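As annotated by TrEMBL, compositional bias 'Basic residues' applies to B:662-671. Among the features that TrEMBL reports, compositional bias 'Acidic residues' is placed at B:703-720. Summarising the annotation, TrEMBL assigns compositional bias 'Polar residues' to B:854-865. Annotated domain 'Cation/H+ exchanger transmembrane' per TrEMBL: B:56-457, in sequence order. The annotation region 'Disordered' is assigned in TrEMBL to B:655-689, B:701-720, B:834-876. Annotation source TrEMBL lists transmembrane segment at B:48-68, B:80-97, B:109-125, B:137-159, B:171-195, B:204-225, B:245-269, B:336-354, B:366-387, B:399-419, B:431-451.
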Amino acid sequence: MGAAHSASEEVRELVGKTGFSSDQIEQLHRRFKQLSGDQPTIRKENFNNVPDLELNPIRSKIIRAFFDNRNLRKGSSGLADEINFEDFLTIMSYFRPIDTTMDEEQVQLCRKEKLRFLFHMYDSDSDGRITLEEYRNVVEELLSGNPHIEKESARSIADGAMMEAASVCVGQMEPDQVYEGITFDDFLKIWQGIDIETKMHVRFLNMETIALCH
Amino acid sequence: MLRAALPLFGLPLAGAAATEEPTQEPGSPDEPPAGLALFRWQWHEVEAPYLVALWILVASLAKIVFHLSRKVTSLVPESCLLILLGLVLGGIVLAVAKKAEYQLEPGTFFLFLLPPIVLDSGYFMPSRLFFDNLGAILTYAVVGTLWNAFTTGAALWGLQQAGLVAPRVQASLLDFLLFGSLISAVDPVAVLAVFEEVHVNDTLFIIVFGESLLNDAVTVVLYKVCNSFVEMGSANVQAADYLKGVASLFLVSLGGAAVGLVFAFLLALTTRFTKRVRIIEPLLVFLLAYAAYLTAEMASLSAILAVTMCGLGCKKYVEANISHKSRTAVKYTMKTLASCAETVIFMLLGISAVDSSKWAWDSGLVLGTLFFILFFRALGVVLQTWVLNQFRLVPLDKIDQVVMSYGGLRGAVAFALVILLDRTKVPAKDYFVATTIVVVFFTVIVQGLTIKPLVKWLKVKRSEHHKPTLNQELHEHTFDHILAAVEDVVGHHGYHYWRDRWEQFDKKYLSQLLMRRSAYRIRDQIWDVYYRLNIRDAISFVDQGGHILSSTGLTLPSMPSRNSVAETSVTNLLRESGSGACLDLQVIDTVRSGRDREDAVMHHLLCGGLYKPRRRYKASCSRHFISEDAQERQDKEIFQQNMKRRLESFKSTKHNICLNKSKPRPRKTSRKKDGLANTEATNGKPRDVGFQDTAAVILTVESESEEESDSSETEKEDDEGIIFVARATSEVLQEGKVSGSLEVCPSPRIIPPSPTCAEKELPWKSGQGDLAVYVSSETTKIVPVDMQAGWNQSISSLESLASPPCTQAPTLTCLPPCPLAAEEPQPPFDLPYDPRPSFAFPPSLAKAGRSRSESSADIPQQQELQPLMGHEDRTHLSPRAANSHWCIQFNKGGRL
């Protein structure tokens, strides 16, 4: 009884923290257990058991993002070895659809959070900049699904994108100015005018669909 | 004139015709029965096509006239203007001919006018957006149309029962339902015509437009079912017939879609094998799409759905298969046809309305219909949106709903359907026709006129027209993958999951089957965007900078066609160029030869732009192949030329960046500023001219402070200069060595472009000439110094991949920063010339220069390079410039 009580307490706390409904949390908890094999935490290896992920060209980056301290709001750099359920929810909450009741400011904040997740995924060395190296890395992985595109093409695409980013963010540069990489502010600038609202949401979870996946 | 020419050509023909004439047309009035006719007026033989052509011509001219005034077209949608014009023309025709002619015939409409519009909208439908919103679109199309039809029909019947419709309108409930079914469907033509000008946000547009396309199936089914019920008589309709009606809904819609997909498959497959007959590619697209339409029509399936699906399904594969030119041809032909059809439809609608014999007025019916249409549309939208919003991640807000309700325009489909009614079976046909005309006119004119102010007033989110950017494309792909991954992790098989699955399937099987292998290989969305951006940049550059060309009456250079050379060579080129930082330069044609080099020099001599065709013009007389004729080659060369010019403004444009993560320069002394100032002063022009020019100027003007200025040059060019590496042969060097004098130099590459007066005055002019030389020389690599990091990285791969390293002595034709020469206190100039392959790679050099201030690890490499320059300097330049680099020498040569 006491255990059940404390569990519901915990759930309520999580509802407050992450904004998920208690139903959703329950669903996610079930899934979490399934992934972790009834352990309290998930390690990276656990994600290898998800068969659908295998085809994803950037899966390593995505999984990495799950363990990124910055995304977990636990620090400014580094990777966590394992994440518990609360961390899992924290990550998932990045993908929560925008609430209709939110006001403009909250929507902006939400948007920023979502973009930050993406930014952290690119910025693998947590120095606050997406350098050319890092960008290339991502593009190469993105294109790795197509065996016919050589790495060089991927590189040149990344280079082109970087140039574009620089021209968007800095505009006319001074002769001795150096563009060192995309900062988060620049990143926001790139995304300006692009409707992210439709792009970074996952439908969380009706009971039935989850039940089907067991 | 024509009359005079006629006898000559028409003699045999006319004679033959004259002999046959009496048997065929005995009653031909003003024709002598025998003898030679010099001139004959044969209006009746050409009447039909002539009239068609005339109408289209009138419509097109009207369009031109409308668009003469920007103000009018910005306020009034074109469809309104066309309808009004149709009214006027119809009035004139009526007044002149005393009978209404040239009306919108349902047969013509469905068989000829509608297909191009639907094909156009299906083919150019943003498929991603469409499928993202498929749920909403289907709901509105199916449920919404059913709802509108039944409520409108029933309400009108109620109105009649209430006695508000005059009793002379003899119609039963079934008649009203039939009318409701034809009047309720939102019309794709009208919606497209109005919404294309309004620019609401993409989601809203695709929902309204997708609905208008997909509801055709429902409309057709409802119309046919109701019509057959009416013809059977309501007493004979049995329960089984209703069931059949429901079943036919599925049959018609799914069957139509299936027909479309089958033809899409065929089309994609056919275009896979057209490599040798490029010329028929556009034709195939139109033929098969039209065949899909006709097949569906024949099987009384939804033809609109068939064509929509055909266009939607085949586009990806067809676009990959057909050549670039064919793509352009398809695009323009499709747009032209659609626009033609649309224009004619609206005009004919206007003309048809004049014919008063066809319709009969009843105010109650007309007003009632208008009211119910608007009311039930709004109600339906609100109800459905409420349901949909329970499921949508991004709910449709109230403003969207208002626009959606108000955007439910009716159009020519309704009109054609109502004309098709059988007067004997539907006694109230005339009233229905009148009502339909009023409804169509009201929705197109009143709603069409007011929707723009409404959208503005409600502050509907507009679509932002930003150019597609590479970053955006990349990020969106990343998003897609992230979302798919999150769905996988959560274990929820949602939309992203299935889209991901479909893409995998498509990549694995469909694309392999339907795409040409060469196309399949480089097929990737990101790559496509990259390619397109490159081309666009290049074109826009040519557009801006090509004014010199246009003055000589040359057309816009054609893009290098993707099919033949580019398809393979783009990748090759990329591979060659390593990191390929040259964003836009890859579109330069890869064919380089000695002749090209000559050409480049020639170009300069001809003041860039004045083109002198020196190849024999080969007349193209094949109807089946478009050969790459002289014009094209000419275009390509001009294109190259323009790209060269572009290089000069490279720094001043967006490439003014440095991508490497180097530390900020330590030495930003005032000397640098001096150097800069001097440069500007001497150039009389901002320093976004080529780096060579600046270097040259500095050298000539301030030989004293050479070293300082040079070093400053080095620094900034380190940041954003461009390195041109021509690795053709050691020709340049050797010639320079042997001759020592430019005038006797045998190779055209070395001959400095004959300096014009301007060149003597303006140093950068000569730079241009040099540029022209270097860029087009063999296996040229053009890499901005910005990308040194990239270069350095891929240098190893380059060395293995790129051109033969040792056989020809690689040459640094032009070397902007030459940091070593400037910074090295005592450059060992007297080392012998040593054409080692490592010279070929400027990055190493550039890097050397860059990292000089940080470390001196690269010094050996630099020293390898010294001899080159030292040698050049000694042979060509005055000792004063001894520690300059030899790209300067070329400038000087040009200015001799």
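Numbering starts at 1 and runs along the chain as it is shown here.
Glycine too: its Cβ is placed from the backbone N, Cα and C atoms.
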For the transmembrane segment (B:245-269), which recorded stretch in the set B:109-125, B:137-159, B:204-225, B:336-354, B:366-387 gives the largest number of Cβ pairs separated by under 8 Å?
B:204-225
At least three Cβ pairs under 8 Å linking the transmembrane segment (B:431-451) and the transmembrane segment (B:366-387), pairs spaced 6 or more in sequence?
yes
Please identify the stretch among B:48-68, B:80-97, B:171-195, B:336-354 with the greatest number of Cβ pairs below 8 Å relative to the transmembrane segment (B:366-387).
B:171-195
Would you say the transmembrane segment (B:109-125) and the transmembrane segment (B:171-195) are touching, if the rule is that at least three C-beta pairs must lie under 8 angstroms and be 6 or more residues apart?
yes
Selected stretch (most C-beta pairs under 8 A with the transmembrane segment (B:399-419)) from B:80-97, B:109-125, B:137-159, B:204-225, B:336-354:
B:204-225
If I count Cβ-Cβ pairs under 8 A between the transmembrane segment (B:137-159) and each of B:48-68, B:109-125, B:204-225, B:336-354, which range comes out on top?
B:204-225
When each of B:48-68, B:80-97, B:204-225, B:336-354 is checked against the transmembrane segment (B:109-125) for Cβ pairs under 8 Å, which one has the most?
B:336-354
May I ask which of the stretches B:48-68, B:204-225, B:336-354 has the most CB pairs under 8 A with the transmembrane segment (B:80-97)?
B:336-354
Counting only residues 6+ away from its ends, which parts of the chain sit with a Cβ under 8 Å from the transmembrane segment (B:48-68)?
78, 81-82, 85, 89, 102, 339-340, 343-344, 347-348
Going along the chain, which residues at least six beyond the ends of the transmembrane segment (B:204-225) come within the CB cut-off of under 8 Å?
118, 121-122, 125-126, 129-130, 133-134, 136-138, 140-142, 144-146, 149, 178, 181-182, 184-188, 191-192, 195, 245, 248-249, 252-253, 256, 300, 302-305, 308, 396, 400, 403-404, 407-408, 413, 417, 460-461, 463
